[in-house]
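According to TrEMBL:
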type	residues	note
ACT_SITE	S107	active site, phosphoserine intermediate
BINDING	G33, L34, S35, G36, S37, G38, K39, S40	ATP binding site
DOMAIN	25-175	domain 'APS kinase'
Amino acid sequence: MLNENIVFHPHHVNKEERAAIKDQKPCILWFTGLSGSGKSTIANAVESVLHKRGKHTYLLDGDNIRMGLNKGLGFSDEDRIENIRRIGEVAKLFVDAGMIVLTAFISPFRNERDMVRSLVEKGEFIEVFIDTPLEVCEQRDPKGLYKKARQGEIQNFTGIDSPYEAPLKPEIAIKNDKISVEEVVRQIIDHLETKGYLYA
Ligand SMILES: Nc1ncnc2c1ncn2[C@@H]1O[C@H](COP(=O)(O)OS(=O)(=O)O)[C@@H](OP(=O)(O)O)[C@H]1O
Ligand SMILES: Nc1ncnc2c1ncn2[C@@H]1O[C@H](COP(=O)(O)OP(=O)(O)O)[C@@H](O)[C@H]1O
């Protein structure tokens, strides 16, 4: 619902000024991929490296969001769309705060990922496709959810009876089987350095 009595207030301190004292270019590292593909593991490992380098980061992932802000949302297409919409808005606020924000959600629909991309400025959205074959994710099955989905105990499970639309032109695509987590982290940090996100 639009409220015409709400007026946007410009801030005295802007995004560039906030980012400048952090020696970094704010951005969203948007991890997407199937359940069990490795999003959370890699996002955590990348955040650790950035943190050790003195960068100001924040990781948004499934547990902290679906247990709090998005408590009550399930896994219908409609709820997933709303889940990503809210996460996108939160990520945008972190970018405005000058941070490097990492997000680790399946985010199965191209439309919603593109919508988040459109919320921020060019270059501020880095789509990281964690491309792990379904068979490998299903074999890993760290939470036993694929087993439950195959047995019909969970409905609308991504890759089983709910779609996953792979990114068409992600900034970074990682084939996350037959590669070590350390090597993946190296590739992502290398991208950030080459593209000028880390000033020191
Ligand atoms: N039906 C169904 N489909 C997919 N995933 C399910 C489902 N039910 C529960 N889970 C668990 O929830 C995690 C995915 O939540 P997300 O918020 O990332 O999903 S989405 O982006 O809204 O599609 C996902 O976590 P990850 O394994 O870390 O991806 C699962 O552990
Ligand atoms: N490059 C990799 N090689 C081997 N195992 C991996 C790799 N990346 C992640 N894993 C493992 O895969 C499983 C799922 O990873 P997780 O980060 O929980 O995935 P997601 O967040 O996408 O559901 C975990 O047991 C993790 O240790």
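Please read every residue number as a count from 1 along the shown chain.
Positions of Cβ are set from backbone N, Cα and C atoms, glycine also.
Features as recorded by TrEMBL, highlighted on the structure.
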{"residue": "G33", "record": "ATP binding site", "Cβ contacts under 8 Å, 6 or more apart": "K39, I106, F129, I130, D131, T132, N176"}
{"residue": "L34", "record": "ATP binding site", "Cβ contacts under 8 Å, 6 or more apart": "I106, I130, T132, L134, C137, T158, G159, Y164"}
{"residue": "S35", "record": "ATP binding site", "Cβ contacts under 8 Å, 6 or more apart": "I106, C137, K143, L145, Y146, F157, T158, G159"}
{"residue": "G36", "record": "ATP binding site", "Cβ contacts under 8 Å, 6 or more apart": "T132, V136, C137, E138, R140, D141, P142, K143, L145, Y146"}
{"residue": "S37", "record": "ATP binding site", "Cβ contacts under 8 Å, 6 or more apart": "I130, D131, T132, C137, N176"}
{"residue": "G38", "record": "ATP binding site", "Cβ contacts under 8 Å, 6 or more apart": "I130, T132, N176, V181, V184"}
{"residue": "S40", "record": "ATP binding site", "Cβ contacts under 8 Å, 6 or more apart": "D61, G62, A104"}
{"residue": "S107", "record": "active site, phosphoserine intermediate", "Cβ contacts under 8 Å, 6 or more apart": "W30, T32, R80, I84, R113"}
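For ligand 2, the nearby recorded positions are S35, G36, G38; that is, of L34, S35, G36, G38, S107, these have a C-beta under 6 Å from one of its atoms. Report note: the ATP site is defined by G33, L34, S35, G36, S37, G38, K39, S40, and the residues of the same chain whose CB lies within 8 Å of the CB centroid of those residues, excluding them, are I106, I130, T132, C137, N176. Checking the recorded positions G33, S37, S107 against ligand 1, the ones with a C-beta less than 6 Å from an atom of that molecule are S107. Note on K39 (ATP binding site): other Cβ atoms within 10 Å of its Cβ, all shown chains, come to 27. Averaged over the domain 'APS kinase' (25-175), the predicted model reaches a pLDDT of 97.
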